[in-house]
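Taking it in order: structure first as structure tokens, then the write-up.
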Amino acid sequence: MIPMILYASETGNAQDTAERVARAFRANGRAVTCLPMDQFPISALPHTYLLILLTSTHGRGDPPPAMLPLWTALLRSSLPEDILEDVHFALFGLGDSSYERFCYAGKMLLRRMEQLGATKMGEPAWGDERSPNGIEDAFLPWLQQTLDLYLPYLPLISPTPKIIESTVLPPPIYKISPASTSKSVEHDLSLERLSISFPIPNGKPAPVRVEDQARDKASTSRTKPDDWVWATLKKNIRLTSKDWWQDVREIELEFDDPDTKPYTAGSICSLQPQSREDDVNMFLEMMELTSQADEVVTIESLLDEQPLPSHLPPAGTPTTLRSLLTNHLDIRYSPRKSFFEWLRRLSTNEMERERLDEFISDPDEIHTYATRPSRTIVETLADFRFTRIPMSHILEILPPLRRRQFSIASSWEDHPGKVQLLVALIEYKTNLKIPRKGLCSSWLNGLPVGTRIPIHIASPTLFLPQDPEVPIILVGPGTGVAPMRAFVEIRVRQGAAKNTSLYFGCRSSTTDYFFESEWDVHREKGVKIQVAASRDQEERIYVQHLIKRDKEYVKEWIVDKKGWLFISGSSNAMPREVREAVAWCISKEGAGDMTEEESKAYVEQMFEDKRGGEESW
């Protein structure tokens with residue numbers, strides 16, 4: 001009997017926490033499997049006797065993308081009420097109590113598991129980033145409770161004594177081995193097997209030979225997963241004025257395959273960035289691994305019950321350490337507590353060990369040193385120069401290089417065969433000497449036009465009403481206007497311009513007014529477009545102020561005509577304030593006849609009924 005740990009992570013917190021749980025079980029001599037929820041075969045759930053679930057919460061209390069397949073299956077009305085009667089589960093949710101629906105995805109999952117007959121093992125816990133010690137305040141007692149409840153059911157797989165978390169390096173669970181250079185491996189390294197290509201502008205991908213592999217810089221090669229497609233960068237244009245502090249780009253990608261299936265407005269485009277070459281070289285040099293960086297290797301799991309993570313190449317696939325660091329592992333990640341726990345096990349210097357003990361025992365120390373200044377793993381390792389991460393543990397210690405998701409800013413109908421994105425280049429200063437730059441945005445901006453990259457198109461999270469007569473109100477400040485632009489294009493084509501309203505927000509009409517000329521054209525066709533340029537007057541004006549100004553028609557569209565509401569943009573106060581503004585418009589204070597409580601409930605019910613949606617980040 002092997003417990004199954006399933007996690008759904010948005011930024012990596014839930015994955016990091018799940019892996020800590022797995023290490024705790026293994027430290028106690030027990031076997032355990034740890035997987036993202038979307039890698040777990042759903043049909044096996046009723047037969048999974050011991051289950052441990054960890055999930056973060058996405059957007060307005062929504063499940064993270066990795067949880068959606070499992071969650072959708074659990075919501076099927078045809079499921080018997082006792083289908084999970086053999087399942088015993090523990091649950092830990094991660095969230096931030098400053099948000100309205102704190103740990104909502106975890107709470108929904110808990111309720112549904114119990115509805116289907118599953119039995120709780122102990123009380124669930126909710127990790128709160130706002131707690132004095134972050135999620136640790138809830139996690140550590142919950143972990144001990146879970147171990148106490150589960151361990152008696154599990155046989156010891158090793159007679160070795162319990163590993164002391166902070167001082168002893170546990171055995172590796174993954175292995176990096178030299179690959180044979182036989183002809184069969186040479187064939188495996190071909191383009192057909194690995195889908196490796198080099199970004200030669202306007203060129204075709206070049207095949208890789210074994211004898212060239214050690215010389216080629218893996219940082220310039222890409223692999224394409226089966227469900228991704230090739231696209232070519234056609235356009236990279238700055239939309240903000242040159243003297244404006246923020247650089248926002250319109251990126252256009254063209255599908256290489258003319259038979260690519262059209263995407264739907266509201267769809268999401270995923271990109272897989274690459275680590276910077278200088279960071280990779282610095283890591284290799286500090287870890288004294290430069291001489292091994294370009295040797296052809298394969299990877300495998302050393303535990304039968306633990307498959308390789310999905311962010312790594314499949315077992316047996318020839319690769320190099322340089323390629324792993326460039327395409328699969330994130331060395332610019334800001335380290336969490338678990339990373340410092342690993343360093344504590346590896347350090348050979350007494351002063352370093354004392355400093356690492358301080359980090360492990362005090363979350364504020366980690367926040368001050370790493371989180372607040374966005375210090376990276378590479379920079380952290382430079383500070384702990386007596387610590388080396390061995391090849392045997394690199395795959396376990398370094399976090400995955402996560403794909404980045406962007407709302408598609410175009411409709412297929414207006415831009416056939418192309419995807420347009422609105423990308424803000426992230427750059428800011430902290431107390432560190434070197435300015436911080438977003439990994440994906442800086443990587444994307446550095447690609448020359450003509451570069452071929454793999455992209456993935458995911459199903460929409462926002463859907464237009466099927467009936468074009470239904471009025472819609474779109475609210476998209478800043479880069480949040482991306483999916484709204486696609487919706488406006490579709491509605492104009494449907495002849496529904498007069499039933500479409502857009503509220504766009506920017507700092508100034510002269511600096512960051514995205515797609516201004518397009519909005520002028522759409523206005524002439526009947527689209528109601530209101531722009532809140534917050535800094536163009538003495539008193540700052542935001543989209544929620546314009547919504548309140550238009551209270552009569554907002555009430556008419558939302559209540560009388562049963563219109564839809566869409567909100568997209570930053571997940572700070574904006575979405576909540578927009579919902580409150582709409583609720584005010586339909587209340588007695590505005591232009592309606594509802595009480596304050598009734599109007600807020602009406603807006604919430606709109607989202608429950610899928611009369612619109614919210615996309616925030």
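Numbers here mean position along the shown chain, with the first residue as 1.
Note that Cβ sites are derived from N, Cα and C of the backbone, with glycine treated the same way.
FAD is bound by R404, Q405, F406, S407, G438, L439, C440, S441 in Swiss-Prot, and the record lists one more residue there from W142, W228, W617, which is W617. Classification of R404 (FAD binding site) by DSSP places it within a strand. Long-range Cβ contacts of R404 (FAD binding site) within its own chain (separation 6+, distance under 8 Å): S270, L271, Q272, P273, C440. If you take the CA of W617 (FAD binding site) and look 10 A around it, you hit none of the binding-site residues from S9, G12, D96, F102, S534.
A gap of 16 Å separates the Cα atoms of G12 (FMN binding site) and G438 (FAD binding site). A simple way to gauge crowding: the CB of S534 (NADP(+) binding site) has 16 other CB atoms within 10 angstroms, across all the protein chains here. For F102 (FMN binding site), the same-chain residues lying six or more positions away in sequence with a CB closer than 8 A to its CB are T57, G95, D96, W126, D128. Cβ-based neighbour count (10 Å, all protein chains) for R535 (NADP(+) binding site) stands at 14.
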